[in-house]
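Taken straight from TrEMBL:
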type: DOMAIN; residues: 69-763; note: domain 'Myosin motor'
type: BINDING; residues: Gly163, Glu164, Ser165, Gly166, Ala167, Gly168, Lys169, Thr170; note: ATP binding site
type: REGION; residues: 599-634; note: region 'Disordered'
type: REGION; residues: 643-665; note: region 'Actin-binding'
type: COILED; residues: 915-1074; note: coiled coil
type: REGION; residues: 1080-1100; note: region 'Disordered'
type: COMPBIAS; residues: 1087-1100; note: compositional bias 'Polar residues'
type: COILED; residues: 1126-1206; note: coiled coil
type: COILED; residues: 1285-1385; note: coiled coil
type: DOMAIN; residues: 1480-1756; note: domain 'Dilute'
Amino acid sequence: LVLLELFSYYARVWIPDPEEVWKSAELLKDYKPGDKVLQLRLEEGKDLEYSLDPKTKELPPLRNPDILVGENDLTALSYLHEPAVLHNLKVRFIDSKLIYTYCGIVLVAINPYEQLPIYGEDIINAYSGQNMGDMDPHIFAVAEEAYKQMARDERNQSIIVSGESGAGKTVSAKYAMRYFATVSGSASEANVEEKVLASNPIMESIGNAKTTRNDNSSRFGKYIEIGFDKRYRIIGANMRTYLLEKSRVVFQAEEERNYHIFYQLCASAALPEFKTLRLGNANYFHYTKQGGSPVIDGVDDAKEMMNTRQACTLLGISDSYQMGIFRILAGILHLGNVEFASRDSDSCTIPPKHEPLTIFCDLMGVEYEEMAHWLCHRKLATATETYIKPISKLHAINARDALAKHIYANLFNWIVDHVNKALHATVKQHSFIGVLDIYGFETFEINSFEQFCINYANEKLQQQFNMHVFKLEQEEYMKEQIPWTLIDFYDNQPCINLIEAKMGVLDLLDEECKMPKGSDDSWAQKLYNTHLNKCALFEKPRMSNKAFIIKHFADKVEYQCEGFLEKNKDTVYEEQIKVLKSSKFKLLPELFQDEEKVLSPTSATPSGRVPLSRMPIKPAKARPGQASKEHKKTVGHQFRNSLHLLMETLNATTPHYVRCIKPNDFKFPFTFDEKRAVQQLRACGVLETIRISAAGFPSRWTYQEFFSRYRVLMKQKDVLGDRKQTCKNVLEKLIQDKDKYQFGKTKIFFRAGQVAYLEKIRADKLRAACIRIQKTIRGWLMRKKYIRMRRAAITIQRHVRGYQARCYAKFLRRTRAAITIQKFQRMYVVRKRYQCMRDATIALQALLRGYMVRNKYQMMLREHKSVVIQKHVRGWLARRRYRRTLRAIVYLQCCYRRMMAKRELKKLKIEARSVERYKKLHIGLENKIMQLQRKIDEQNKEYKSLLEKMNSLEITYSTETEKLRGDVERLRMSEEEAKNATNRVISLQEEIAKLRKELHQTQSEKKSIEEWETLPKRNSHLESLLSLAESMEKKLVEETKQLELDLNDERLRYQNLLNEFSRLEERYDDLKDEMNLMPGHKRTDSTHSSNESEYTFSSEITEAEDLPLRMEEPSEKKAALDMSLFLKLQKRVSELEQEKQSLQDELDRKEEQALRAKAKVDSLPPIRGAELEYESLKRQELESENKKLKNELNELQKALTETRAPEVTAPGAPAYRVLLDQLTSVSEELEVRKEEVLILRSQLVSQKEAIQPKVNHTQRLHCVGEQSPQDYHMLNEDGELWLAYEGLKQANRLLESQLQSQKKSHENELESLRGEIQSLKEENNRQQQLLAQNLQLPPEARIEASLQHEITRLTNENLDLMEQLEKQDKTVRKLKKQLKVFAKKIGELEVGQMENISPGQIIDEPIRPVNIPRKEKDFQGMLEYKKEDEQKLVKNLILELKPRGVAVNLIPGLPAYILFMCVRHADYLNDDQKVRSLLTSTINGIKKVLKKRGDDFETVSFWLSNTCRFLHCLKQYSGEEGFMKHNTPRQNEHCLTNFDLAEYRQVLSDLAIQIYQQLVRVLENILQPMIVSGMLEHETIQGVSGVKPTGLRKRTSSIADEGTYTLDSIIRQLNSFHSVMCQHGMDPELIKQVVKQMFYIIGAVTLNNLLLRKDMCSWSKGMQIRYNVSQLEEWLRDKNLMNSGAKETLEPLIQAAQLLQVKKKTDEDAEAICSMCNALTTAQIVKVLNLYTPVNEFEERVLVSFIRTIQVRLRDRKDSPQLLMDAKHIFPVTFPFNPSSLALETIQIPASLGLGFISRV
């Protein structure tokens, strides 16, 4: 009854039509039961009587309401039938340009025959992580669903892509794989995803060809399994192929081509490496010219060949194998040109030395005679003997073609196997997603074995599809607890049984192939006898005995039996294969080597496509002498096996279906042929899905959706608190038949048509309400109109009477005015004459008086200048006289002082002569001193050589700077041009000011001018000047805006580079950590590392073993300190300073030893001189031997450092042998040195005996008696043994100290050189990386980036080198002062004191600071800490600090103040090492804490605030005038005095930029889940948005609701962000920039989702968005952030919302839209208009013509073609200087920070 009510007046129905398939018509009168005819009116206005079927009386299908047309999901339609599906697809495809549509679980993809901008990486990112029903239909949505279900359900997935040739199957599969590659990434560094995508060009070149339907038609089916690891990253892939069309190798129909690879080879024939293939034009070869269409429009075969070769290289197919493949392919082409000559009817021959065959044999490496013989003969084997039989020309041609097909098929398999090997996963596969790209149902005029196999495969796939759809329906019903009644659906199992069951078509075909005289006719008769009249799906054509008909699920297909047996057998002569197997060309036998073991599945039909299976199929055992070909499996059998394997794989996975539709046969873009579309919809199972859905309850609503939509049908008393009960009560009243709906747990299920009935009731009620509203408004309007007309009449009367009175008054006024004008005119003439005479008199007086005054002034000026000249001359004479006198006095003083100096010199010479005797006595000691001096000179020379190296480096740097000065000059030229432009702007402004002055003058003169005729001309002139001024002002504003944009672009580019650098740095740290955690890498303990840092080792062997670890240490330091280029060079300078200090220390030590030796010599008698000389010689020998040992030790270290592999220390290795040799030589030298040491010790003992008095002997004996054991006392009566022992100890210590000092200085020098080499290596690597990055850029950007990088690098290096030179000059002056101090102290010390002072004390004493800071009563704003407490300071203040406690309890930025006060103290001490170490540790500590807790917004915000505060403190107290303006006098006293930290300010600024970018990423991750739900989906204004019916995709969302976010959630989160930043004391300007970035993210993400969601583009949603935006603006006003620029970032979203709400009909509306939407791109405007969807019937769709009008108007607009906004874009950040008013001396350090080890100064 309800259904019949819908067939009422104005109801719209679909009627069949032979041309358009279905036509829309409208009922002219209500239908009543029993009517045989319907009165209809077509859309074009023609009336029609539609007769109903008298038997079934079936009514025509109803049309869906307009609001349901164009739905994303076909299952959302109220009426589910064929015309509704067809119309919905057509509207989406033609009007909205949408090629994807859901049909339940199926994605229908219509080929647009045009490149669409919907597959970019921004679209991939938009679909990543989204639910399938939330976004518009897309192949990416299906891929995301499969990827998500694989991760969530731990189950393998399959994407089944099917359709006709040319429908876009391959492209869809390619985009699905691209999505997986982009989203998942690769699990290793092998770029597996690139290899997976690289397999496409290879497979397309060897498996795709041009057909009449498609220029790139896949002539085989493939199933690609993409493997993933446990983290769901791509690790590999595997490919299976099915039914390669081998017949295309030897035959192509008209307007078709062979496989692409042949034409690519011909197009590349001119390449040098292809000369040996002897190729030519494609029209030369028989196998490539048959189709007559060798060229595809828009395709460059030579370029495609390059892509194919690159893909082969990427997949690991070497160049030699590639050339082998090309040889075989070229051989196939030449084989096709082989011609045969007939001898008679049963035999043929090949012409002698036939060129094509000769080339073929040369390429294949086979004998010409053998191949020519077996091409014309065949071998016949009987039970007793073997015959060789000639064959006819026709059979020979067929055998040649069969051989060519067989070679190509085997080559195809070989390439597939190698591709699979390249894509094979190296680690264990956890799960996979399969992509099946397979042919759809085919029916042609002549259908043969290929179409039979294809349709058989589609029957199996359709059965699996039906079962899956049926299963999903059942699960939905069970979940909602609705009674499940069996739904009748088409089961094609009988058709499958007909084909594959016992005695089926395939079984009979295989049986006939085994028969000796089997033929196609006998097989056809067996089919008729077995199945005709016994199986309803099998029929026989009336006019043929060689054909049969099978009723498939899609259509009836007639198959011609001719050729079935031959194609099923796949006959190739075995003798020809044997000839190829004997080839010298090694690749060719590889193609056939497995034929005896495993039959290649692709070796199928001579004219059919080839099935492929990975399952090995073993042949039966052949009897001796019997050909194996008799026992190989037939093509049908192989195909059946591979199909069963495929179905097993698909059944073990969760399938996802993509059905590709070909809209027309002519490849016209966006042209829809209804007939072709319906054929494909029926064939691909889409209509079957619709039918299964329609059989049950297709329309499903949640209770909340139903209540929101149909609230208008309820009365107030019907609305209860329980939504579910409310819906039940209303439905029972509206629909009487309870079978038409069911109540589930969460949804209401409706039968087909019930939603349309409810929509009709709702529309009727709304229409009645509209009529009542219209009636009331029209009455009110008419009343208003009457009142307005009455009021207008009275007003007209009043104005007419007033006009008459005014005319009379005007006449009286004009008469009086004429008299007045005459009076004033006469007065004016007389007054003008008087004024002229008076002006002339005054002018004469003024000229005369001025002349007299000027003469007087000239006279006074001359007198004044003469006085000045006299003054200067007299002064010059006096000064000259004074200088002459002074010069004479100075000369007298010099003479006197010279006389006194000569006298002093004589005295000194006399004293020197007396010293000569002592020099002769101690000549040996002087020799020793001279030797020591010589060593010092040598070391100084080495130091100078190092300085020369550094100077050479400086020279190279200077040359590089000279090269780039030209570039700098060009940049300066551009700056000068910019300055000229600014000057021009200033001049224009001045001109504008002048013009304005002239304007004012003319306006003032206007009042006094009486000539009325000249006024219009002057006004026009002034207006032109004013317009010129305005244009100049506009030009000025535009130029300033352009300069600001350029500045922002430069800042953004720099910050992006900084972001990339930080990312690479993090990647480097991660890789280093992974390397450290890998097995086989040993780490040293803390004690060992401390020993390494001091460069002291216990023995030579431990030093050699630890050397590789020390070599790694500088690189780790460098990684930690690599903050900018100047720090590297500073490190080098510090190493040179350390080396200089060590040389200075050694000099002091040598001087000290010389003084000691001199004192000892003075105390010895003269007799011992010879013995001392002998001792000095021995020492020299020992020192030379020590040098030799050190050289050998260096060789050992080099041998170990050059080979660091684990096998270095293995026995037999070169380093191991060197180690043994060194050990033996060291042991021998050690024995010799022991003897010499004993001799020396005895001599020392004898010296001391002669020197020491007897009293000391008794004292030592007493000491020996107390300290040594009794045994020694017994042996040592006189104490001689103890004396010898003491002497040995002293000599040992002396030698050991010398050895250690020399060793230490050598190691320091060696380490400094290694550090320099390492830094140069790292600089080289960094330059190479930058070069690689620049090569990826376009040429213009590459040149610009390289120039900019080189200029900045060289300027930084030059500045750093200048600073280093200044520092070295300072250190040289400092060392000179220290040397003077040392000399004074050495002279003042006595000889006895020198013996008691240790060398360490002498060295350390001058290093102490001379000026000790005096303690003040008040604090100086500095913090003192010890150098060893630096790590503890960083740990407590940075690494372990909790931001929340600091932000709540302490002053903002306290860590920054503390760190700066520590820097101040180090600056106060003038300790550059301490300053550098503290700043470096601080920066690295901040990086560590951000790496560890970088996901916490509070932590990142806290350290961004403190880093900025630290940066501001360095600026505020730097001493620069620009930063000291706002300081108090006390703060200016706290400025840094010794160091300029400008470079570190730049490093801190870069660090702050990195922290800011990390902060943006953190808040983006927090806001991302809230934005779409809060800004789009949640109804902030309840009741505005009307809910439309939703399809299956909404019901089976991938992820259950996790709690919806609202706009309040977003605002609460914004409040949280703002309060945290304010608590941390972040700069207000920086907060504004953060808020601007947040609002940009909100606007971009919201707009991007709006552009990809059709259900969100409605008038009511526009209102919701504008309300939400107004709430965000209100939040900005509350926080005083309206001037932050955040509101402007929402402008595109605001304009999109306005676009949804404005009127969209007329040209005026189009003009208004174009002027309004200036922040949206053309693509975005058109997309919104295409997606606009009415929610109610009273809204109107946007016409296609209106959209075209918009496109025409926006054609000249130059904007980005990109559809989506870049949600990842980060605005360039700036840090405006913000000085602090806080006094440093007032800061207290709380005990909670644990900084008790630092003290206030």
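Glycine is treated like the rest: Cβ placed from N, Cα and C.
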Cβ density check for Ser165 (ATP binding site), other Cβ within 10 Å (all protein chains) comes to 19
Shell list (ATP; ref centroid = CB of Gly163, Glu164, Ser165, Gly166, Ala167, Gly168, Lys169, Thr170; cutoff 8 A): Asn111, Asn214, Ser217, Ser218, Gly440, Cys660, Lys662
Quick check on the region 'Actin-binding' (643-665): DSSP residue counts for helix, strand, coil, in that order please. 9 helix, 8 strand, 6 coil
Can you name the residues of this chain that are 6 or more positions from Thr170 (ATP binding site) yet have a C-beta less than 8 Å from its C-beta? Glu204, Asn208, Asn216, Ser218, Asp437
A 10 Å Cβ contact count, applied to the binding-site residues Gly163, Gly166, Gly168: which residue has the minimum? Gly166
All chains considered, the count of other Cβ atoms within 10 Å of the Cβ of Ala167 (ATP binding site) is 26
Spatial neighbours of Lys169 (ATP binding site) that are distant in sequence (at least 6 apart) but have CB under 8 A: Val161, Ser162, Gly163, Ser218, Asp437, Ile438, Tyr439, Gly440, Cys660
Write out the long-range same-chain contacts of Glu164 (ATP binding site), meaning residues 6 or more apart in sequence whose Cβ is under 8 Å from its Cβ. Arg213, Tyr439, Gly440, Phe441, Glu442, Cys660, Lys662, Gln680
